[in-house]
């Protein structure tokens with residue numbers, strides 16, 4: 001122990017003398033190890049860590065897959081009657097729950113905040129092992145069909161909207177047309193499963209009976225309407241295999257469904273099939289691939305950093321030759337010298353890991369603040385046993401590797417001659433072969449990483465900047481919630497909404513008002529097709545008014561827009577996009593002359609095509625999809641508001657206007673269309689920023705590493721270069737000589753990176769097929785140019801002191 005303490009003190013004393021060496025390694029390795037520990041912990045939480053729910057391995061989500069006998073699986077979504085039938089008749093789940101996601105306005109609060117509401121049966125809280133801060137969860141008195149108006153609120157909603165009021169259990173809240181008594185507040189430590197989307201948390205849990213579909217008999221009992229907002233979650237308790245359970249559930253439910261849709265056009269070849277999806281898979285989705293890509297990128301940075309640090313340690317060992325020689329002269333063995341080098345490398349790596357842990361903690365905060373909507377389970381991130389174990393293993397492993405490499409440079413028998421010659425010509429040196437392989441590894445890794453990151457950056461920027469085909473500047477989207485809607489007739493709602501539209505348009509900052517969701521909103525997918533065609537396909541459908549297309553500047557291709565009379569009378573007209581029109585032409589349902597006026601069947605109702613507009617794209621989609629537009633109905637509460645340049649519309653003003661028109665109207669959302677667009681592009685923005693940072697960091701680390709390697713090599717050749725200058729060589733000749741000597745190593749590095757890229761494309765050809773095109777060639781050329789610039793700098797800059805001074809200085813100082 002005393003010897004270890006002595007060696008650590010000696011190592012620290014030596015490092016304090018070489019502060020630049022210490023700071024460089026701790027900074028470089030600390031940053032990269034921090035990124036590695038952060039991503040390693042994220043990978044553990046997402047991929048390996050069990051879900052925080054009782055018997056989580058037995059919990060499944062059932063998906064209702066829609067299958068066409070000719071086209072295969074079309075998608076997965078539940079029809080409401082099928083979901084209820086499943087819940088009532090299943091006998092393979094010991095615990096189960098219905099779940100439906102909606103949004104509402106808490107109108108009983110003065111601020112009238114928008115709340116995410118989740119309608120569940122009592123089994124939801126039992127499945128998740130929910131703990132409460134106050135009160136109780138739902139119990140059997142809130143089971144389906146009991147109509148007991150109670151509510152459980154999240155800890156965050158209790159804290160933010162109710163100021164952590166201890167008397168909350170004595171209060172009630174009003175959402176929609178119903179007032180609910182608060183019976184419980186979930187614990188601060190309750191982790192809600194993110195099955196409605198990453199980072200989306202429920203504010204208020206309400207009994208299943210009060211969901212919007214269940215309250216409308218036509219929707220509750222009708223078939224033909226699929227929704228992904230409603231789920232079935234259960235804990236499997238059966239000796240049957242998963243496939244047998246799926247067959248056991250699918251048979252009766254499909255027979256029941258076929259019995260009720262047998263008269264529907266387009267459903268002839270369809271069936272439904274129940275599919276069991278593990279709960280963990282439901283939550284994670286395809287996020288594992290994202291984490292693995294991040295891990296690969298960080299691993300590349302670690303390799304570059306370790307290569308740089310290896311060179312620094314070897315240079316440091318060469319500088320310590322006299323100290324090592326003295327220790328050998330007084331009897332130090334190889335083992336003692338290795339222990340001294342291990343103490344030095346271990347101390348440096350330990351300090352780097354401490355810095356890395358601090359950076360990892362900061363990384364957790366960044367992920368939780370900015371990537372919660374992209375990655376699941378990030379709220380569970382913290383410094384844990386896995387993080388500390390990984391840090392310990394990294395410390396021991398890197399400390400040993402750096403010490404072993406340094407010790408491998410030392411010729412123990414030659415140390416005495418080092419003393420005798422005063423270190424002239426016989427010192428410890430990094431061999432040319434080692435230096436060459438360091439250059440090769442640096443160039444190959446950095447070429448591969450920069451090429452991949454520039455490619456990701458380019459693709460992300462392309463998606464971000466692609467034209468959408470409509471106007472987004474100075475446009476805001478307003479969504480209303482209507483409480484006690486049942487007390488208003490359809491005509492009353494229509495008049496009140498028209499009045500609100502007039503009030504909004506009368507504002508001095510407003511240029512125009514239209515009804516409808518923004519063009520890139522998905523709308524509702526409804527089966528439709530030409531009256532004469534047998535096939536029905538799901539088409540994204542929105543309800544808009546007569547001013548919608550002009551407000552968003554969507555061009556008319558054929559026919560006419562809706563007229564004001566169409567909107568006021570609620571006529572059954574239809575406007576389709578040009579892709580939909582092309583489909584109708586291709587299938588022979590219409591001709592160009594008969595397009596306008598063609599009858600389209602939508603959910604069994606006839607609509608006449610009035611016009612064709614130019615197709616628009618969602619920001620995240622490369623292709624235009626089929627879209628249709630119907631005349632807005634009385635219960636459409638979506639507004640698009642075009643503002644004058646440099647003007648804004650506050651939520652407070654919108655709330656005031658809505659309340660002036662009717663006490664039943666509450667503002668659910670008011671957002672600019674550009675902000676909605678940016679939300680959809682969040683992944684692309686994140687990818688662009690991450691890839692740009694990784695590319696810059698990779699380039700920076702590689703430049704430092706190559707500079708260190710070539711600087712050391714140049715110093716070793718100082719006498720040679722001074723001699724060449726003395727006998728007449730020009731400065732350019734010296735630089736060309738250094739570049740020429742390293743060109744082969746750089747070329748080998750390029751070849752290795754190219755072979756690695758080809759192997760990557762061949763091994764994952766299907767996944768990468770969308771990215772393989774001729775544009776990769778100039779991208780690779782740009783990457784090579786960047787690397788060449790980096791290499792030229794690393795060759796030239798260390799030689800400047802030699803070529804810019806008198807040759808005699810190099811000859812005198814070379815010893």
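Cβ coordinates come from backbone N, Cα and C, glycine included.
Note: TrEMBL annotation is automatic and uncurated.
Here TrEMBL flags 24-248 (among others) as domain 'MacB-like periplasmic core'.
Annotated domain 'ABC3 transporter permease C-terminal' per TrEMBL: 299-367 (among others), in sequence order.
TrEMBL lists 484-617 (among others) with the feature domain 'MacB-like periplasmic core'.
As annotated by TrEMBL, domain 'ABC3 transporter permease C-terminal' applies to 693-805 (among others).
The annotation transmembrane segment is assigned in TrEMBL to 21-47 (among others).
Here the transmembrane segment (291-314) has Cβ contacts under 8 Å with residues 21, 24-25, 28-29, 32-33, 35-36, 39-40, 42-43, 46-47, 345, 375, 398, 401-402, 405-406, 409, 430, 434, 438, 441-442, 445-446, 448-449, 452-453, 690, 694, 697-698, 701-702, 704-705, 708-709, 712 of the same chain, all six or more residues outside its ends. Look at TrEMBL and you will find 291-314 (among others) tagged as transmembrane segment.
The feature transmembrane segment is assigned by TrEMBL to 347-371 (among others). Counting same-chain residues at least six beyond the ends of the transmembrane segment (347-371), those with a Cβ under 8 angstroms from any Cβ of the stretch are 8, 11-12, 15, 22, 25-27, 29-38, 41-42, 378-379, 381-383, 387-388, 391, 394-395, 398-399, 402, 686.
Long-range contacts of the transmembrane segment (383-403) within its own chain (CB-CB distance under 8 A, at least 6 residues past either end) are made by residues 29, 33, 36-37, 40-41, 44, 306, 309-310, 313, 338, 341-342, 344-346, 348-350, 353, 356-357, 360-361, 364. Residues annotated as transmembrane segment in TrEMBL: 383-403 (among others).
The transmembrane segment annotation in TrEMBL covers 437-457 (among others).
Away from its own ends, the transmembrane segment (685-710) comes close to residues 24, 28, 31-32, 294, 297, 300-301, 304-305, 307-308, 311-312, 315, 370-371, 374, 435, 438-439, 442-443, 445-446, 449-450, 453-454, 456-457, 459-461, 464, 678, 738, 742, 786, 790-791, 793-795, 797-798 of its chain (Cβ-Cβ under 8 Å, at least six residues beyond either end). The transmembrane segment annotation in TrEMBL covers 685-710 (among others).
Away from its own ends, the transmembrane segment (743-764) comes close to residues 436-437, 439-445, 447-448, 451, 772, 780, 784, 787-788, 791 of its chain (Cβ-Cβ under 8 Å, at least six residues beyond either end). The feature transmembrane segment is assigned by TrEMBL to 743-764 (among others).
The transmembrane segment feature in TrEMBL is assigned to 776-799 (among others). With a threshold of 8 Å between CB atoms, the same-chain residues lying at least 6 positions outside the transmembrane segment (776-799) that come near it are 443, 446-447, 450-451, 454-455, 458, 699, 702-703, 706-707, 709-711, 714-715, 721, 734-735, 738-739, 742, 746, 750, 754, 757.
For the domain 'ABC3 transporter permease C-terminal' (693-805), the DSSP-based tally of helix, strand and coil residues reads 101 helix, 0 strand, 12 coil. Taking H, G and I as helix, E and B as strand and the rest as coil, DSSP gives the domain 'MacB-like periplasmic core' (484-617) the counts 39 helix, 43 strand, 52 coil.
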